[in-house]
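Visitor: Below you will find the structure I want to go over with you.
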Amino acid sequence: MTPQRIGFVASNAPVAQEALNVMAARYGQCPLPEADAIVALGGDGFMLQTLHETQSLDIPVYGMNRGTVGFLMNGYAEDGLRERLAEAEEEILNPLAMTAVTGAGEVFHRIAINEVSLLRAGPQAAWLKISVDGKVRMEELVCDGALVCTPAGSTAYNYSAHGPILPIGADVLALTAIAPFRPRRWRGALLPKTALVRFDVIDAQKRPVMADADGRSVRDVVSVEIRTEPAVRHRLLFDPGHGLEERLIREQFV
């Protein structure tokens, strides 16, 4: 079925705004809740923002790259958009759910499509205790931080921190240490997708830590729990032969 009603959104970048004007004039602009498909014009950061803002609509999102990297985006072209949408392959992503507790007792809930990261917020290294499914697995990780990522997010911050790239269909999460000092050679672990990961911050007042879920931060955390959220799904559209699985494989040979 060829989508007839398309809702366009764009980042603030001039090139994305120009594309928005061109595409909306050519294909029409439908209010997002009434659209058959949403077309996001921008880069990966804007795609993540769009997925977060439209997650309650259950409408597929097709990205067109008007940014830099564009890992989650398709190539930009003004012609044949409806045909591309009709032929696109859909990928379903389940995000991570983060529950962060601060030293003041505040509780924050966040959703992350790529990763949840903990980062030292002061000059001293973070000290983290790591538990998985209620069992302490590491009493003390001395590091700049740590993260938990989905397969879709494994090529982002995780890969830069020397974490593994995960196949898109793998039912696993990557737990990756960021600049670990002790244990010095410990890089991280692969965990079942169903795992509940908990970080407890040791000596949080002296060694403050912030938690970040896809760019949305919580400062002065004392504990963070992370799990997959199966009740939330994000629908991404990709051109045939250029889905996430192909992109993940290609990323490892560049």
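Each residue, glycine too, has its Cβ placed from N, Cα and C.
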Visitor: Do you know which of Asp36, Asp144, Asp171 Swiss-Prot groups with Asp44, Gly45, Asn114, Glu115, Ala152, Thr155, Ala156, Tyr157, Asn158, Tyr159, Ser160, Ala179 in the NAD(+) site?
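Guide: NAD(+) site check in Swiss-Prot: besides Asp44, Gly45, Asn114, Glu115, Ala152, Thr155, Ala156, Tyr157, Asn158, Tyr159, Ser160, Ala179, the record includes Asp144 out of Asp36, Asp144, Asp171.
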Visitor: Taking the Cβ of Asp144 (NAD(+) binding site) as the centre, count every other Cβ atom within 10 Å, in any protein chain shown.
Guide: 15
Visitor: About how far apart, in whole Å, are the alpha carbons (Cα) of Asp144 (NAD(+) binding site) and Asp44 (active site, proton acceptor)?
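Guide: Here the two Cα atoms lie 25 Å apart.
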Visitor: According to DSSP, which of helix, strand or coil covers Tyr157 (NAD(+) binding site)?
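Guide: Tyr157 (NAD(+) binding site) sits in a helix per DSSP.
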Visitor: Might you list, by sequence position, any residue in that chain lying six or more from Tyr159 (NAD(+) binding site) with a Cβ less than 8 Å away from its Cβ?
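Guide: Correct list: Ile165, Glu251.
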Visitor: How many other Cβ atoms are found within 10 Å of the Cβ atom of Tyr157 (NAD(+) binding site), counting all protein chains shown?
Guide: 19
Visitor: Where does Asn114 (NAD(+) binding site) sit in the DSSP three-state scheme?
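Guide: Reduced to three states, the DSSP call for Asn114 (NAD(+) binding site) is coil.
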